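Copied over from TrEMBL:
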DOMAIN    5-202  domain 'Metallo-beta-lactamase'
BINDING   33, 35, 430  Ca(2+) binding site
BINDING   58, 60, 62, 63, 128, 150, 377  Zn(2+) binding site
ACT_SITE  182  active site, proton donor
BINDING   219, 220, 221, 351, 352, 353, 354, 355  substrate binding site
ACT_SITE  355  active site, proton acceptor
């Protein structure tokens, strides 16, 4: 709600809870050192025995990525299509969790109805940028709720499987109490182009490329991978995958039959390294400018075996996720600087969205004719524009509900209304550790990155608090020490003048007060002199005893 990523919806009736999706969010550049952002499951922790099932719409990270962190605490059965379950199984196996998980695949074309407590869940196919994507029709005590998942109406999907409009029409006839709808692409007026136009663009780019080709896309974008294989085969090239997540997902998709390679276009990267440049395509991770991904390392000339240079063509087959623009275009700039020809969506149709544009969202509203609508998987502007569109399509303003992360929405036969809020903060994955970091930690990292750190060390007398030695000042990232000796000496002199011992202070317990004095006096002096605010760490030693480190 009101953000892109961390997709997770709970439905609760009586003693029964079901979960739809459990995805990660991706950190923006201000969330320094953070690898992933998770949904907060505090509400579920005391209710784990009431969670009847987890239903997953598709296999993208923002819908499945948090399951390895959820399932150890909430060990419910997970339902999804075969590819979705295959990708989840691989993620769980990496963390040693697969043997404890109950994963149940279903065929969305078989007319299955999945029972979970008082909920009856009917999957239906939708087109998206990954095969086997579905939405859910969920029969509840309050009526039918339709969750679209991520969708679009692609007239010519790569796998030939259309969004199931017949099922949507059936839902309309039964009466849709609430539509929970993808809205992230509502700013685009027209329908989203078919995924097949990307394959046509690949054909043009591959035919014109004189040397090696590198294609960066999302690791789970299986349709895109298939089109790379097709275009490469048509142009006499072999394809090698680089990047652990891409290699893993490609293996799963091939085993399950979702990627087809009848001519043996796929080869090991060691085989590709021995081929002529004009006969190879590398599929790589890093379409979002991630430093640790393959494309990021190539752009910084840090890959262990490959260097980008003139004659290479790099295709960035993705649009930046909101917040990643600086990283993505920085990567593109570095690739250009290395001499590569970089093709990205602004230059050719090498990417189309997997999400419905305004026209298609309107079509979904027309097909379902819901009594109420809840825009989901979008930022506030997307939700507002969705509401405008819904009104244009005949809904009343009061029939559209806006919610935020943690909102409690009451759905009854008479109304749909936000009635409260549950705890739903931000949970960070920091260096692969789940750490409920306080926002203060992130703030401190930002200060360190922008302003640097200053350590003030001094020694005081044990009973009086009088300064015996120091202050000595060390700094990193604040000023260049060799050019700032006078500034640091002046700061030390200032501290000697202002840190006057208080005879009333009990120095057995008065350390925190001294720490505050050092920090405040140093901060005021440095801001006056430099207009900057570095992090200040006082380190106080008591003469004749051990050192005491005082937290800032």
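Including glycine, each Cβ sits where the backbone N, Cα and C put it.
Curation plays no part in TrEMBL annotations; they are all automatic predictions.
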Cα-to-Cα gap, residue 128 (Zn(2+) binding site) vs residue 351 (substrate binding site), nearest whole Å: 13
Among 58, 355, the most crowded of the binding-site residues [Cβ within 10 Å]: 58
Residue 219 (substrate binding site) versus the residue listed as 'active site, proton donor' - Cα distance in angstrom: 22
Cα-Cα distance linking residue 355 (substrate binding site) and residue 377 (Zn(2+) binding site), given in Å to the nearest integer: 10
C-alpha spacing of residue 351 (substrate binding site) relative to residue 58 (Zn(2+) binding site), in angstrom: 19
Sparsest-packed among the binding-site residues, when each Cβ's other Cβ atoms within 10 Å are tallied, from 219, 352: 352
Nonlocal residues around residue 60 (Zn(2+) binding site), in sequence order (Cβ under 8 Å, 6 or more apart): 23, 129, 130, 150, 218, 220
Residue among the binding-site residues 220, 353 whose Cβ has the most other Cβ atoms within 10 Å: 220
For residue 182 (active site, proton donor), the number of other Cβ atoms found within 10 Å of its own Cβ: 29
Surrounding CB atoms that lie within 10 Å of the CB of residue 221 (substrate binding site), all protein chains: 24
Residue among binding-site residues 62, 150 with least C-beta crowding, 10 angstrom cut-off: 62
Residues that sit under 8 angstroms from residue 63 (Zn(2+) binding site) by C-beta distance, when 6+ apart in the chain: 7, 21, 22, 23, 56, 57, 149, 150
Fewest other Cβ within 10 angstroms of its own Cβ, chosen from the binding-site residues 128, 351, 377: 351
For residue 182 (active site, proton donor): DSSP state (helix, strand, coil): strand
